[in-house]
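Engineer: Can you read through this structure? Questions will come right after.
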Amino acid sequence: MNFGRGPSVVLNVGGTRYSFSREVLKDFPLRRVSRLHGCLSEQDVLEVCDDYDRERNEYFFDRHSEAFGFIMLYVRHGHLRFVPHMCELSFYNEMIYWGLEGSHLDYCCQRRLDDRMSETCTYYSAEEPPGESAGGPEGKGRRPPPGTEGGKWLERMRRTFEEPTSSVAAQVLATVSILFVIVSMVVLCASTLPEWRAPENRSVEEQSRYTAESVREPSGIIEAICIGWFTAECIVRFIVSKNKCEFVRRPLNIIDLLAITPYYISVLMTVFTGENSQLQRAGVTLRVLRMMRIFWVIKLARHFIGLQTLGLTLKRCYREMVMLLVFICVAMAIFSALSQLLENGLDLGTKNKDYASIPAACWWVIISMTTVGYGDMCPITVPGRILGGICVVSGIVLLALPITFIYHSFVQCYHELKFRSARYSRSLSAEFLN
């Protein structure tokens, strides 16, 4: 260790002392303890622990001694369980302080922690543990590094556009954005009604054109205003973003571009094609581009935790989702081949034309495994019906297996986003009171 003397160091956690050699600290499994190895001064040491005795080379931590004892059992034996008769959230707080995460717990304790979090709607972020923020006991007296007024203004603008609960202005902006999304969706749905274009006897291709007359119509004016708002919002968010490349790669920003660009592409195509016959060939393309406005609904994910939780869960559980698709594909290959053989390939006197090929049988397998059962095709032979029953039961079992992992990830993502939203809500309350 770069600071301190003697061949060994002593950790005093809540009155319980643990002695280690200096070399052990370098690769210690607990992140907070291993940080002691790189401390160069007493000030660095006091940022990691609560107090330090230079003479005895002893480090003091004002933490729960019994909880640390169970954490040390994990260091020695590789199993981490909750302390009996101790609150799960309190023990989880101790885990995060020492540098552990919920995944280090044994599976049974992970389920207890998820259930406890579901009851209390509490989540502690691993990147910013309780007590280490600027207002916590360990962060007492710390202040963020000073910056320029321009930098503070950009940060305020960034939070206003990215965090709807960070300030009153952010909430107002989010409300206006939601209203524009709702209005644009209502106009999109209404534009598909026959009554919408019946008085003018316009065809669908004509309705897809952005001519001077159509822009002057109420629907065209509303659509142009909505597109103008979304475009301005996207440009401002791009300008105030810290990392422009990261901004372009973010999924929500990609969705914004997919929702905005079809309008401008449609306008340009109409301008270049004019009134000639090329427009008729481009009519399908224009209708597809106009219908891509449905992506505006996904913009609501910026303002609702539920949609954010769904997206974050899918991102973190892509392995489980791939595993689920593999299960379904394997079952489809097996049951479709068997059903085609039993219903059409054995030539038993009754051939079912719906199962004339394996690809056709795949449709029956997928709707049977998911228990949808449209009834458009069904087995008529006794072996085929027995196979259909096995297919339905197998589908229930195969689909249920990965759901447990996805559920636990969904709960964790929900609490994480809930905690972040509550943190910004507290800052909003302070701003309102001030």
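Note: Cβ is positioned from N, Cα and C throughout, glycine not excepted.
Pasting the feature list from TrEMBL:
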type     : residues : note
DOMAIN   : 7-116    : domain 'BTB'
REGION   : 125-152  : region 'Disordered'
TRANSMEM : 168-193  : transmembrane segment
TRANSMEM : 220-240  : transmembrane segment
TRANSMEM : 252-274  : transmembrane segment
TRANSMEM : 294-314  : transmembrane segment
TRANSMEM : 321-342  : transmembrane segment
TRANSMEM : 354-374  : transmembrane segment
TRANSMEM : 386-410  : transmembrane segment
Engineer: Averaged over the domain 'BTB' (7-116), what pLDDT does the predicted model reach?
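Structural biologist: Averaged over the domain 'BTB' (7-116), the predicted model reaches a pLDDT of 85.
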Engineer: Cβ under 8 Å, sequence separation of at least 6 from the ends of the transmembrane segment (220-240): give me the contacting residues as numbers and ranges.
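Structural biologist: For the transmembrane segment (220-240), the sequence-distant neighbours (Cβ-Cβ under 8 Å, at least 6 residues beyond its ends) are 154, 157-158, 161-162, 176-177, 180, 183-184, 187, 210, 214, 247, 253, 256-257, 259-260, 263-264, 296, 299.
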Engineer: Out of 294-314, 354-374, 386-410, what stretch is closest in contact terms to the transmembrane segment (252-274), meaning most Cβ pairs under 8 angstroms?
Structural biologist: 294-314
Engineer: What same-chain residues lie close to the transmembrane segment (386-410): Cβ under 8 Å, and 6 or more beyond its ends?
Structural biologist: 110-111, 114, 309-310, 313, 316-317, 320-321, 323-324, 327-328, 331, 335, 338-339, 342, 365, 368-371, 378-379
Engineer: Count the residues of the domain 'BTB' (7-116) that DSSP assigns to helix (H, G, I), to strand (E, B) and to coil, and report the three numbers in that order.
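Structural biologist: Across the domain 'BTB' (7-116), DSSP assigns the residues as follows: 57 helix, 19 strand, 34 coil.
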